[in-house]
Amino acid sequence: MSEYSIFTSESVSEGHPDKMADQISDAILDAIIKDDPHARVAVETMVKTGMAVVAGEVRTNTYVELEDIVRQVILDIGYDSSEKGFDGASCAVLNGIGKQSADIAIGVDEAEEKEMGAGDQGLMFGFATDETDTLMPAPVYYSHRLVERQAKLRKNSTLPWLRPDAKSQVTLRYDNGKPVAVDAVVLSTQHSPDIKLADLREAVMEEIIKPVLPEEWLHKDTLYHVNPTGIFVIGGPMGDCGLTGRKIIVDTYGGMARHGGGAFSGKDPSKVDRSAAYAGRYVAKNIVAAGLASKCEIQVSYAIGVAEPTSISVNTFGTGKISDSAIVDLVREHFDLRPRGIIEMLDLRKPIYRPTASYGHFGREGFSWEKTDKTEALKAAL
């Protein structure tokens with residue numbers, strides 16, 4: 001927020017164990033929803049040395065080869081040998097998936113009036129800010145780009161000693177609410193045992209950090225922490241147990257906006273934890289893109305089995321060109337925030353979810369909730 005003079009956010013790579021779990025859950029969701037767009041899916045994953053455990057509730061008319069999906073995701077990430085601490089080809093895959101509760105289903109199923117109740121109660125937030133071209137907070141945006149580049153250089157063998165697990169953290173200095181300098185960068189990456197620490201640190205600086213961060217933000221006092229603990233050979237599920245839904249701040253706005261607490265991955269769009277958070281981003285981004293405010297946070301809330309949101313509120317942090325209450329009226333006029341309305345507005349019954357499960361659900365083009373197609377209608381209020 002603008003009151004902070006310094007702000008820090010972090011990200012993790014696709015090879016981080018929690019992100020592995022997210023990607024597995026979303027790959028299973030995609031496989032099911034591809035054949036059965038109206039399926040109900042809530043899939044959780046745990047990964048630890050030598051095994052992946054999948055559990056949850058599913059209601060569907062299709063069948064998917066769950067074990068094959070799990071193995072392929074792990075191999076795609078890059079865990080393909082025991083030398084790396086995990087091998088998707090040989091790990092155990094345990095299946096604990098059951099059916100969706102009939103009590104939940106009855107409140108969510110669509111009635112004749114096209115109403116569809118929310119899959120659960122809860123509160124969700126959406127956010128946008130004009131401090132980057134993507135209308136995302138700069139600290140989390142650049143944190144994502146660092147680990148994304150780490151994965152790219154690992155996969156194309158530019159830095160062949162890189163391994164899949166990595167974390168980044170970026171601390172930015174703000175002046176009048178705008179980022180102006182990098183105070184600190186942390187990048188920890190798993191690596192093969194044959195690379196010297198000095199060589200690793202130099203390569204990470206020259207090939208990952210400097211190409212990603214704006215040169216004009218780097219200064220003589222910027223702190224760089226590259227693998228600050230030294231050796232990082234043991235990583236991934238061998239180093240830490242990974243669970244779906246444990247990186248909800250990485251998935252959203254890096255802590256710069258509030259969070260309702262609900263995770264995204266493994267959940268079909270009838271779950272408002274996911275779909276309403278996507279809608280919140282869509283609404284907030286269009287408000288900022290339309291010039292109604294330079295920063296916008298929206299909160300929506302729901303009751304299980306009820307279609308209409310129990311509340312819609314907006315905070316523009318004093319940057320609004322019109323009042324926050326007037327913006328709420330515009331939101332109600334131009335955006336359908338009932339669960340079915342969100343699904344149709346954002347075309348969410350498609351197998352689009354696995355790519356969201358690494359490097360952030362927001363701020364990347366190609367997702368329907370990143371469109372700014374409502375800006376002209378919203379500008380009419382100015």
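Cβ atoms are placed via backbone N, Cα and C, with glycine included.
Keep in mind that what you see is a predicted model, and the values were worked out from it rather than measured.
The range from 100-110, 144-154, 232-242 that Swiss-Prot describes as region 'Flexible loop' is residues 100-110. D240 (ATP binding site) sits 9 Å from D18 (Mg(2+) binding site), taking the CA atoms of both as reference points. According to its DSSP assignment, D240 (ATP binding site) is coil. Note on the region 'Flexible loop' (100-110): mean pLDDT across this stretch is 55. Proximity to A166 (ATP binding site), defined by a C-alpha to C-alpha distance within 10 angstroms, is shown by none of the binding-site residues D18, E44, E57, K271. Using a 10 Å Cβ-Cβ cutoff, K247 (ATP binding site) registers 24 neighbours. Here the C-alpha separation of K267 (ATP binding site) and E44 (K(+) binding site) works out to 9 Å.
All protein chains considered, the CB of D18 (Mg(2+) binding site) has 23 other CB atoms within 10 Å.
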